[in-house]
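Features of the protein shown, as given by TrEMBL:
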- B:69-76, B:142-146, B:196-199: GTP binding site (BINDING)
- B:60-249: domain 'Tr-type G' (DOMAIN)
């Protein structure tokens, strides 16, 4: 580079600002649908109404996992008296209490809470209770709040499930991953197939209405038949939600040392793509909506908490290694327990702050919005995007995606969410003023567009950055 | 490209150093010497009262000479030693290869710009007869040795009356020795053979003497034996220069005529011209004019290179030095130009031999990052300030955007220009495959000189009736056992043998006519590799010859990539097409669409490969904690895309262009 070619991004993004008072804070409005108009419009500043709580304990580390976890040992199913757990819960509650809140917006109770991990179901219900109490006292907790918990087979029984439900847990995300003993073992899960079936029975017999089965595709040695079987058995269990994750080989994990993506015993790219398509087809046939790249649900059972992420709304996060998004700042907590405790102390004595009041960079926000919304079936709402980032950027995006409409990777939708045909797209000037059927949404097609989402999103990044 | 890396030590511009030295130091000389080493601070005084009185050196006490040699035969070291011997530079001070000032010259052991140095020397050998020997003024004109700069070399040699022909005592006569000898011989210069590096264990001076006799008819007893490294034999060199090389034959009483040897651009002083005064005299403040451009200037500062700029206020007949005259760009200072007094009495006949630069190799230069066009533009402007022999024209490529079509004197010149752009200006460039200027003739009688294959219509309206391509006469010197493989290589390159003889029992000498196009890409590397590095190679421009040429287009998904078009001989079109297509298949990544890569002559496809579409590129999970990380990943992917060049819907990585340079 002989000279800097940096251009302040706001010049590019809003050559003709429609409303000068729009600040980057409005960006979080981009995806708000009409269900909560009053609250959304009441203030440009948003207090989070979602909280993620990290409970890092696991019996052992799975071979693919690079999350911040604390392995307790395979024998640990009773954690009531484990000081590592009780101490952590204390620090967690201290963190919640020390978190600064916006005094003007204290009347927004939490609408979703998500216990993720780790294996949250390893934590004794009494301790979960104290966390929920702390949250309720600090932020308020809506009566209708969605309270999700990740639970692993073999870590809970009927009684524990019932206790969790009594505390308010009303959504379970069951980490099944595979329905083959051999695969469970080869990816280092702490449970076998028997525990999987038991766990499904417990969840169903306890009457958890809203629950999800999590599956992993493209595991080593996984065949097409195995994957079909896993999908079939998942569907037969009749959860309201299915998450299908594609195995990512992460550096520093056991798999990362053993395998290279696309090489045996991992399925090749073509096969892996077939797995994805198979999931989309089978789950679709069983009336699950493919509402996000890796999420399927029966109508009305979208994970409300995850939608917070995908709509780029703010959220709190508490616990080891967790990331919050408050006041436009994505803040990641330390991943090591000792450093985490230091952080909590600093938070208590006011020497660190996990939120921000600063405006975030327009370009960064635009990229976040595009990246997250294009993961969903709803897609990118161009009207709101244009209001926040300028209509010229919308036109550039449409122009960039045009060829991909023809190749059926991208779908343009009108206000009524009716697909705009390729001929109309080709002929359209894409100028909102004279186009009768204005393009209102851009989404990626299922499954072809979703499968190449990285390419397509990176393309949009190029447009935003140019 | 690594091309012709070792082909020569001196590319361009004369290095002449005035060697000021006197063995019997007088008081006067001593003070003069002291003055030398603080040139900068002394400058103001000099304007008032020149310390060096050039009037003491009439032509008969002046010798102008050059050192010519094959690369690595010790030319630069010998020059260093002569400068030290005359006290022009202090021994052990200053960098080795004193006259090679550019980084690229030092790295490659070549001379790109000519330099001059003035030395002062008292001949002690002549002093034996009791009569005090006079002081001599010796001008060493260091010329580029490479054929790309043969015009500059011939201009530099035109200012000399003799040369030191340096030959490595172990390696013997090499291709460039031959080429350089003939340049000097044809200029009627006195030739002093110097067999150098005699300290080497493998040195065989007698064999080299025999070679000089058989190849050049040089008398073995005339050869000086030296080791510039140990200093052995060096004392004979300058006396031989004085005795065997005649003084310059200019006429002092005539009107001023100066030969412009080279020029360079100095940030502070502007254009500095190296000149040789052939007739008459130049004084500070004189009004001077260029015969080539007709422009007039004032001689603002005049002096000698001793070894740095040293004002003398005057340059007399036969002397060599510099002139600063307020030229704004080296484009005004044409090598070989004649400079004369604006108000000369009567017409001034320009010195013979001036011709404008002839561009033999062209390539497109584009910024690696499209947004850097302005920066590249600036860098090229600055660099051409110092190297006016490059022709530059803006051009546009659909694949590479805005860029430049540059014409070079030859391959090495091109290579050096690229390297200087990167080293001295930090420019990151994509270069298209170098091409040579072809001439096409159409049925309506029109002729087209094609400097860029993309500009040649793939399906012309008029029928092509003939095409011509430039050829070169190549000189190859190799150990005899490699004759077979070399003949095979050269005939693959459509070479036509003109001469095949032996320098001695171990060394073969071959002359070929080869189409220039065939040596533009990778010939020298290939030659080196099949001869274990023993081949030496040189070439000179020759005629245009009729040839059966076709334009080979590269198409991605049916769309031609202009920057990849090339012109090849019909007999090679299929092979080159296949190679290009295979190379591209390896370097272009899978993309969202299937990509077809085709090589075509007109509408005829001669090679095809397909890159299947990418099947999957998705991040399965994206939750709160992942967002930043995932975004960074995608941004990285975006950055990767940004660096690529786009044709239609296909992203082409920059490496693709670099790879294509390697297909012959």
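Cβ coordinates come from backbone N, Cα and C, glycine included.
Structural mapping of features recorded in TrEMBL.
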residue: B:69; record: GTP binding site; DSSP (3 states): strand
residue: B:75; record: GTP binding site; DSSP (3 states): helix
residue: B:143; record: GTP binding site; DSSP (3 states): coil
residue: B:198; record: GTP binding site; DSSP (3 states): coil
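Once Cβ contacts within 10 Å are tallied over all protein chains shown, the binding-site residues B:72, B:75, B:143, B:198 are led by B:143. Counting Cβ atoms from all protein chains shown, residue B:69 (GTP binding site) has 26 others lying within 10 Å of its own Cβ.
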